Amino acid sequence: MLSLQSEEKIRLALYVQKAALHFIDASRAADKCQIPEEVIQAGFSIDPDELASIVRSHDLKRLESHGGLEELARKLSVSLEKGVCPREISNRQRIYGLNKFVEKPSRPFLMFVWDTLRDLTLIILMVCAVISVGVGIATEGWPKGTYDGLGIILCVFLVVLVTAISDYKQSLQFRDLDKEKRNIQVHVTRNRNRERVSIYDMVVGDIVHLSIGDQVPADGLFISGYRLSIDESSLSGECETVNIDKGRPFLLAGTKVQDGSGKMLVTSVGMRTEWGRLMVTVSEGGNEETPLQAKLNGVATIIGKIGLAFAVLTFLVLTAQFLAAKHGGITKWTMDDALSLLNFFVTAVTILVVAVPEGLPLAVTLSLAFAMKKLMNSRALVRHLSACETMGSASCICTDKTGTLTTNHMVVTHIWICGEAKTVECNRRGNALKSSIPEKAAKALVLGIFLNTSSEVVKGRDGKTEIFGSPTETALLEFGLLFQKDFDAVKRECKTIKVEPFNSVKKSMLALVALPSGGLRAFVKGAAEIILGMCDKIVGKDGESVSLSVEQRKDIANVIDGFGCKALRTLCLAFKDIENSSDDSIPDSGYTLIAVVGIKDPVRPGVKEAVQTCLAAGITVRMVTGDNISTAKAIAKECGILTDDGIAMEGPDFRGKSTREMKLLIPKLQVMARSLPLDKHKLVTMLRKELKEVVAVTGDGTNDAPALHEADIGLAMGIAGTEVAKERADVVIMDDNFKTIVNVAKWGRSVYINIQKFVQFQLTVNVVALITNFVSACVSGSAPLTAVQLLWVNMIMDSLGALALATEPPHDGLMKRPPVGRNAHFITRVMWRNIIGQSLYQLAVLGILSFEGKRLLKLNGADSASILNTLLFNTFVFCQIFNEINSRDMEKINVFRGMFSSRIFMIILVSTVVLQIVIVEFFGTFADTVPLSLELWGISILLGAVSLLVAVILKCIPISTPNYTENVKHHDGYELLPSGPDLA
């Protein structure tokens, strides 16, 4: 779950510490320290540190000195058959510890306040505010001289507070999501019952079941298993796998099961494991920066430099005009003169503060965090932030069939045995079916199901039979139990010598067993066509083995094809008797076919509608499955994936094509059956590199990891997926449902659009604020918007604006437009049209008020200048408030759609209006405002509201949309600003 950089740190720490750790462990062994009294009183006979050091140092001699595995289990008061008793768990946690690592404490809120205060422009403003207070008191006395300075300090405080609260909340949210990522479910045996528990609930003494793709959850010792090999590269950095057996029984936390299966006894958890000890010295880095955040940071820097230029020019113009009008020449200075220059400097710095759009990265973070939280509630765990952005640009989804498009609740509905196809009407009543099959054939079928399986049949706590294993294995075992109720009795009668677990390359599982009557028998099951090719005999109508003729082989192939056309998964079961031999290799030919089994796996409700949604959104859905071509086509047609002009083909045919042939074929390819993981990887590579598609791909097995890594967005299955697949993926689909994948795409589009809305809003404010103050300073010698006022506007558009626009929920209209083009600029022509149009309107309004306001509004008297400046400020703020509403939809005229149901947006909008009224009417001393009459309030609101009409007019101007056929990829980032007049 760690980043690659963190893994490298861990490996370096390992090399440095290993010698020291082993030296310490050896010292402890030499000392033979006494067992603590509390350990003995708890009913155990071995010290936790001694136990942990045996595994950590891979010390076989010390293990043997304790009597080996069985004696060690006795010292831990655990049976290797029964497992831990649930009532002992708290006692074991007290003595041997919890399976949790010491985490770096979360940063306190004050640290976020401190980080915000370290912003250079805010520091300059605070220094200026302090100087302003000192000079003001000297010239105007107490308290009048403090108002300007205290007003700036108050605004800076509000900006810091809002920013720090926002950052703090996001850090807590990301921390919770990170904990969820590490919460792995583990299979253990407790009190003879096999159950799934959280990795955090594991204790020393637990019997853990491991299979391909699992992460080893704690340090432990190998009990039993078949061809168990472990990838220890996450700890050692070595790529070679380690074979685990009785001679090398040590298993370390954090490593991965590369092949085989087995059981282990947990000997140490949490901070006593090798992984836990290393975690003390290595802490993970900060939150990743997404490509869009990086690009927006670059845009913010460019805009900031432009703002700096305007700030310097404003200061120089104001200073030059002041010096030109100064009485007494430049040699005589008073405190008032110094205060004027200080105010010019403060105004310039404030222009810089407003110009720097620090809200851009904040908007991305807010939008991503909001989307991640909502997606978590919708059963999708986002592991990499960039996936949220990229999924909105996906143009192709390569999806598995089983469990994603289908329910993964499998049941055997058809069987071909002894030359006859039969329908399994009801799994609960197998007597009629059992009586119709010869006894010898039925016995061979039961042995083929029960002895060649990686699943287990156990009694639950309620006394009911439970099956632990994959859905396919579960369906077969449920079917086998119709013929023989006692699974364990069959397993005890025959000794399993060797097992080759199922993998997606061989598409078969093999087992070699010793029969009670003597002799060896090999069993094989797997993909129907592959197993049929391994057979030269079949079980005949009397239950005896007979030669398989060419005609019979064709008939069986037709049966397989017929089952596939009914959307059934087809498997074959076969056996071969072998003479006793010292060689335990399992043959790959000469088998006797027992049966062809058809397994029904219904399509998930709503999948067809979800596929149609993808097609309407310009997203092509391709099915990539290991099932046979007939089954794949039947399911694809039922889901709406395979169309009349679409192509369905098998993996071997696909991989035999040249690159040129693939480029011509892939656009119409909709189904790939009997595919290997390498076929999926090749398809993804071709789609991305040759056809420039943005590809999302689903995967659940260890062998899917390369395709998940290669894809733009890797989607791992939370239920069926292995830990290796989940670690390689960008998003984990917790319910394995295709509808959830479509929901991720919708939220991805929402993130992208929301950030565009905010960028449009913020750039409009930036343009208007900069030009208004600069032009006014050049013409009249003073800036109409003071430092305090600009800081308030800065808070509206940065923190509050980002929160309002970046957290808008998605709507169905997002899935009725094509994905964003790979070369499309982030700031589109539509956005430029809205930014320029709104800026021109606001500049015209503020310009007319600034230069002709007194005459038009007939403002006379001593306070007319203050009233006009307040009106300017008020109008400017209300223009931004209404522009915030305009920015909710960049193209549609009806911007009020869904506004009143968006709670966050409405709260921020109402709060902004209320605070504006309070500032103008009651805090004029600090904000340089005076109370306005109802008439002038009405004028401000009306001029702001007219921007809604301006937006309608702008949206009626036709803008050609860019070509969306080429798509964007998150590894490449986004091109944000056009170079030249072609804004698309």
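Residue 1 is the first one shown; counting continues down the chain.
Every residue, even glycine, has its Cβ placed from backbone N, Cα and C.
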Looking at 10-28, 789-807, 865-883, I want to know which stretch TrEMBL calls transmembrane segment.
865-883
Short question: which residues 6 or more past the ends of the transmembrane segment (835-853) have a Cβ under 8 Å from it?
760, 763-764, 767-768, 771-772, 775-776, 779-780, 784, 859, 868, 871-872, 875-876, 879, 883, 886, 943, 946-947, 950-951, 953-954
DSSP puts the residues of the domain 'Cation-transporting P-type ATPase N-terminal' (63-137) at 49 helix, 3 strand, 23 coil
Can you name the far-off residues of the same chain, 6+ from the ends of the transmembrane segment (936-954), with a Cβ under 8 Å from a Cβ of it?
833-834, 837-838, 841-842, 845, 857, 867, 871, 874-875, 877-883, 885-886, 893, 895
Summarise the model confidence on the domain 'Cation-transporting P-type ATPase N-terminal' (63-137) as a single mean pLDDT, whole number.
84
Other same-chain positions with a Cβ less than 8 Å from the transmembrane segment (865-883) and lying at least 6 residues past its termini are 761, 764-765, 768-769, 772, 784-786, 789, 792-793, 796-797, 801, 838, 842, 845-846, 849-850, 853-854, 857, 859, 909, 912-913, 916, 920, 924, 927-930, 932, 936-937, 939-941, 943-945, 947-948
